Amino acid sequence: MLELKEIYKTFNPNSPNEKRALNGVNLTLEAGDFVTIIGGNGAGKSTMLNAVAGVWPVDSGQVMIDGVDVTKLPEHKRAIYLGRVFQDPMNGTATDMEIEENLAIAYRRGQSRGLRWGITAKEREWYKELLKTLDLGLETRLRAKVGLLSGGQRQALTLLMATLKKPKLLLLDEHTAALDPKTAAKVLELSDRMIEENGLTALMVTHNMKDAIAHGNRLIMMSNGRIILDIKGEEKQKLTVEDLLQKFSVASGSEFVNDRALLG
Amino acid sequence: MNVIALMKALPGSVAQGLIWGLLAMGVYITYKVLDYADLTVDGSLCTGGAVAVMMMLAGYHPFLALVGATIAGMLAGLVTGVFHVTFGIPAILSGILTQLGLYSVNMRIMGKSNQAISVDKYNLLLSLRNIPKAIFVASISCVIVIVILYWFFGTELGRSIRATGNNENMSRAQGINTKTMKIIGLMLSNGLVGLSGALYAQYQGNADVNMGRGAIVIGLAAVIIGGVLFGKLFHNFAFRLVGVVFGAILYFVVITIVLQLGLETTDLKLVSALIVAVFLAVPYLRGQYYTKHGKKRREGKCLN
């Protein structure tokens, strides 16, 4: 479903702030794979997701989504294939617009947007049904501005927007990191459910080792812009945090330094 | 203050306010909807007036002149949009560059710095010689524009422009070409400014190369006054535009009063700048006050 071939990306090249963020990333996802991504700060986790989404052009390498080479496509054209949820709950929605307007915009992802009225009565009913399944009471607030919602409600709405038009690939970029633990757990559960119900292929960046182990069918660990571990199948199911730490030090030759990941 | 003279002058300020209301709605599109401070306005207002006057002098029907002025304004917006979006020039600078360049363009269009068009010889749509008619024509224009804008910003395309102004990251993630949306917004905005210029030139009986100087400040004043005074009342998009037009009318009424108090017309630019500064400062200072005194802070962007 997704194929990354030898992706390189350096930020601020030829300057004192030069940072090689992606250092030859290779990754192939099968349809239906739900991959969790873990790694220390600056390991390249979010950068890899941004390379897939086309936020900026990569220096070299190739990005293929479902057999289509999208390496040269700008971000808004790749959006046809992708559903995205960001770390910052402010990022995924238009706050001055209504809940139903946000959904209507998401529903038209990949379509040309012309002079037809932006939302139909039939859609509205459907959105109401979908919002009911979130169980957050949003189904009665279709005309409310998204800016009035809490962070958790916004992330849930963004998840719904990302999957409204079934994407080839769902990108979750630490989408629970800014939420309190209880809300985070709920949003994670919701993500699991949506991925399963829609049979989606997904990449989820997380800083929480336990979450990374508990969710998905495959786990990759990144360090210094490379994938250093790739665990799937039965091995993934039996994995523990201790295993993961041990594997990390073997693979990278250093200790895993990220308190957030250990304590979280 | 001479109250009778003031009462006599007020209908004229209402007419002017309605005409500038069209410009103010254009400014609303860039400043509020797109979150883009577009200074093209100072040039494109005159471009609209110049094109309209020259077309009418050449014998075209006034309606056709309005269409021509609108298209000319849209082209100015297109230039600013391309400067910003395609060439990566910062938003404010793009507008300034277009505005500066338009001075020469406007001189070329008119051939001299001022082109008069007499209401006696030409069939003008409105003129300050017949103020009730001018108010009628300008009101109708505002209503038509509000209806069109309300419809447009409810369409898929219009909503995409609003989303772009609201959250560019989200818009791109949802497949919206934010660059194109900005250009369309700028064109629409400056089209309205051109239309406003065409009506204003007819109203005052001439197009002048300096007629747009400071127009952006007047437009902003109308948007901000409309937001501060009517923002709490009006939440619907169409009513917000009505608020903007009211803001423009109010601005010209205030200016008329100030003139009656004995200030010179050359003082007006200073007055305009101060009005805008005050209306921008009040919400900010109020926010600071509430923060300092531990009260619940009102929403930072309380202007719209």
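Each Cβ is built from the backbone N, Cα and C atoms, and glycine gets one as well.
Note that TrEMBL annotation is computational and uncurated.
According to TrEMBL, the features are:
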TRANSMEM  B:12-31  transmembrane segment
TRANSMEM  B:51-75  transmembrane segment
TRANSMEM  B:82-103  transmembrane segment
TRANSMEM  B:134-153  transmembrane segment
TRANSMEM  B:183-203  transmembrane segment
TRANSMEM  B:215-234  transmembrane segment
TRANSMEM  B:241-262  transmembrane segment
TRANSMEM  B:268-287  transmembrane segment
Notebook entry, point to check: Is the number of Cβ-Cβ pairs under 8 Å between the transmembrane segment (B:268-287) and the transmembrane segment (B:215-234) three or more, considering only pairs separated by 6 or more positions?
Noted result: yes
Notebook entry, point to check: Do the transmembrane segment (B:12-31) and the transmembrane segment (B:82-103) come together with 3 or more C-beta pairs under 8 Å, pairs six or more apart in sequence?
Noted result: no
Check: When you check the transmembrane segment (B:183-203) against the transmembrane segment (B:51-75), do you get at least 3 Cβ pairs under 8 Å, counting only pairs 6 or more apart in sequence?
Finding: yes
Note to self: Six or more residues beyond either end and a Cβ under 8 Å away: which residues meet both conditions relative to the transmembrane segment (B:82-103)?
What the structure shows: 36-44, 46-47, 76, 179, 182-183, 186, 209
